[in-house]
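Colleague: First, the structure itself, so that you have it in front of you.
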Amino acid sequence: MLLSDRDLRAEITAGRFSIDPFDDTLVQPSSIDVRLDCMFRVFNNTRYTHIDPARQQDELTSLVELVDGEPFVLHPGGFVLGSTLELFTLPEDLAGRLEGKSSLGRLGLLTHSTAGFIDPGFCGHITLELSNVANLPITLWPGMKIGQLCVLRLTSPAEHPYGSASAGSKYQGQRGPTPSRSYENFIKNT
């Protein structure tokens, strides 16, 4: 069940669903707007000949932190990792779904490539997979509304929520745009 604005506020007031910093003006009829942080991960195209999800490639991306008032320009065809300004903590019976903003989609900005689902039990900043599919550069401003989080109530609490020992959670507690840890999904034969 998708939570309404009243349900979202009730969960926040009860302390079960946490957003930091919380701004009540970001609550929409059935979602919460999320804002862009000032940190980005850019790909180092000259360090690797290709991306291999099975290998740890520590220098594949570099962290860029903007100075106050400075924008990030995402060029046509460009892809960069960003993150939400807000830190989210979901209880064991709520999950999230990150969606783009219609106004930005109409400009050619995609907020996430594939990973829009947030498991119950997650705590951290949400990493954004930002792509420019327009034919002109797009200016990204820290603090701007970049997407919206829909919150869904599970039929029962998760038995093994995100962050539990058996869940294999790789991104619990992440701060800023976190690079892929896909290599952890591959079994090492040593």
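Glycine too: its Cβ is placed from the backbone N, Cα and C atoms.
Per Swiss-Prot, the features are:
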BINDING   LYS101, SER102, SER103, LEU104, GLY105, ARG106, ASP119, THR127, LEU128, GLU129, GLN148, TYR162, GLN174  dCTP binding site
SITE      GLY116, PHE117  site 'Important for bifunctional activity'
ACT_SITE  GLU129  active site, proton donor/acceptor
REGION    162-190  region 'Disordered'
COMPBIAS  166-190  compositional bias 'Polar residues'
Colleague: Counting Cβ atoms within 10 Å of each candidate's own Cβ, which of the binding-site residues SER103, GLN148 comes out highest?
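Modeller: Going through SER103, GLN148 one by one, the largest Cβ count within 10 Å is at GLN148.
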Colleague: Out of SER103, GLY105, LEU128, the binding-site residues in the record, which is closest to PHE117 (site 'Important for bifunctional activity') when you go by Cα distance?
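Modeller: The answer is LEU128.
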Colleague: Taking the Cα atoms as reference points, how far is GLU129 (active site, proton donor/acceptor) from GLY116 (site 'Important for bifunctional activity') in Å?
Modeller: 9
Colleague: What is the separation, in Å, between the Cα atoms of SER103 (dCTP binding site) and GLY116 (site 'Important for bifunctional activity')?
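Modeller: Between the Cα atoms of SER103 (dCTP binding site) and GLY116 (site 'Important for bifunctional activity'), the distance comes to 18 Å.
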Colleague: Among the recorded positions GLY105, GLY116, which residue has its Cβ surrounded by the fewest other Cβ atoms within 10 Å?
Modeller: GLY105
Colleague: Just checking, which of PHE117, ASP119 (recorded positions) has the fewest C-beta atoms within 10 Å of its C-beta?
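Modeller: Each of the recorded positions PHE117, ASP119 was scored by Cβ atoms within 10 Å; lowest is PHE117.
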Colleague: Using Cβ atoms only, which residues of the same chain lie under 8 Å from LYS101 (dCTP binding site) while being at least 6 residues apart in sequence?
Modeller: ASP33, THR111, LYS145, ILE146, GLY147, GLN148
Colleague: For the recorded positions LEU128, GLU129, which one has its C-beta crowded by the most other C-beta atoms within 10 angstroms?
Modeller: LEU128
Colleague: According to DSSP, collapsed to three classes, what secondary structure does GLY105 (dCTP binding site) have?
Modeller: helix
Colleague: For the C-alpha pair, I'd like the distance in angstrom between GLY116 (site 'Important for bifunctional activity') and LEU128 (dCTP binding site), rounded off.
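Modeller: About 8 Å separates the two Cα atoms.
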